[in-house]
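Trainee: I have a structure I would like to understand better, so I am pasting it below and will then ask my questions one at a time.
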Amino acid sequence: MRKAYIVTVALFALAFSLASASDPAPLQDFCVALKDYSDSKSAVFVNGKFCKDPKLVKAEDFFFEGLNNAGNTDNKVGSNVTTVNVDTLPGLNTLGISLARIDFAPYGENPPHTHPLGTEILVVVEGTLFVGFVTSNTENRLFTKTLNKGDVFVFPVGLIHFQLNVGKTKAIAISGLSSQNAGVITIADAVFGSNPPINPDVLTKAFQLDKNVVEELQKEFGDHNY
Ligand SMILES: *[C@@H]1O[C@H](CO)[C@@H](O)[C@H](O)[C@H]1NC(C)=O
C-alpha cells in the first residue's frame, strides 16, 4: 500500500517536472528585472533575475522602442538579429516570452543555430525565406519550407534551424520565443569558434575531416568577427 503510494507520488513528480521544462509560470503579476544589482537589498529573488520593488515599477519597464529599425546586415552571413528579451525589456522577467526582429541582406542567412530554452514562431513580413530545422538523433529528419510575406513557421525548442533569404531583395522576419531569454547557440561558432579552441583532433574525428580543414575552419570562426 505504502509502496504504491510512493511510486504514484514519484510518477506525479516526474510528470510535473517534465511539464515545466520551459520557463516556469509567474507567481505574481510581474517581476520586473532589476538591472542594478547594487539595489538588490530591496529586491525579491524568484528565479532568473531579482524583481524590482513593485512600487517603483513604471510603464517604461514594460516598454521597448526601435524595432522599426533594421539591424545592420553588412557582415559575413548577411543577417542581423535584434532581440527583445529580458535583458532589453526587464518587464519580461518570469513571463516566458520574448521577441526578435531578423533582417536579411539579399541572399543573407541566419546560420544553423538552436535556442536551448524556447520554441520559435516566425512570421515573414518582407521578402522570401528558405527555412528549416532538423530533428534529434533518432532520425535527424530535415523539415524545410519556402516562406513568403505573411507565412508563419515554427522551430521546436532546442532543434537546429536556419533561415536563408532566397530573394534578390532584403527580407525581414519577426519571431516570438517561448522564453524570456531563449538563448542562442550558433553551431559553427560554438564548434569551430570556441574560446579556447577545441583540440583539432576532436573535431577531425567528429566531422571526419582532414586536420588542415579543421584548422582552417577554426581560423575562420575563431575571432567571432563574422
Ligand atoms: C546588428 O545591427 C546593429 C544595429 O545596426 C549593430 O550595432 C550590430 O553590430 C549588428 N550586428 C552584427 C552581427 O552585424
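Backbone N, Cα and C define each Cβ position, glycine as well.
As the structure is a computational prediction, the values presented were derived from the model and not from experiment.
Grabbed the feature section from TrEMBL, which reads as follows:
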BINDING   ASN110, HIS115, GLU120  oxalate binding site
BINDING   HIS113, HIS115, GLU120, HIS161  Mn(2+) binding site
DISULFID  CYS31-CYS51  disulfide bond
DOMAIN    65-215  domain 'Cupin type-1'
SIGNAL    1-21  signal peptide
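Could you place the listed features in the three-dimensional structure?
Mentor: Around HIS115 (oxalate binding site), taking its Cβ as the centre, 24 other Cβ atoms fall within 10 Å, counting all chains.
According to its DSSP assignment, CYS51 (disulfide bond) is in a strand.
Across the domain 'Cupin type-1' (65-215), the prediction's mean pLDDT works out to 97.
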Trainee: Just name the most isolated of the disulfide-bonded residues CYS31, CYS51, going by other Cβ atoms within 10 Å of its Cβ.
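Mentor: CYS51, out of the disulfide-bonded residues CYS31, CYS51, has the fewest neighbouring Cβ atoms within 10 Å.
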Trainee: Filter the recorded positions CYS31, CYS51, HIS161 down to the ones within 10 angstroms of ASN110 (oxalate binding site), Cα to Cα, kept in sequence order.
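Mentor: For ASN110 (oxalate binding site), the recorded positions whose Cα atoms are within 10 Å come to HIS161.
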Trainee: Let me check the 10 A CB neighbour count of HIS113 (Mn(2+) binding site). How many other CB atoms are there?
Mentor: 19
Trainee: Select the closest residue to CYS51 (disulfide bond) from the following binding-site residues, measuring between CA atoms: HIS113, HIS115, HIS161.
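Mentor: When the Cα distances are compared, HIS115 comes out closest.
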Trainee: Can you name the residues of this chain that are 6 or more positions from GLU120 (oxalate binding site) yet have a C-beta less than 8 Å from its C-beta?
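Mentor: For GLU120 (oxalate binding site), the qualifying residues are VAL154, PHE155, HIS161, SER175, GLY176, LEU177, SER178, ALA182.
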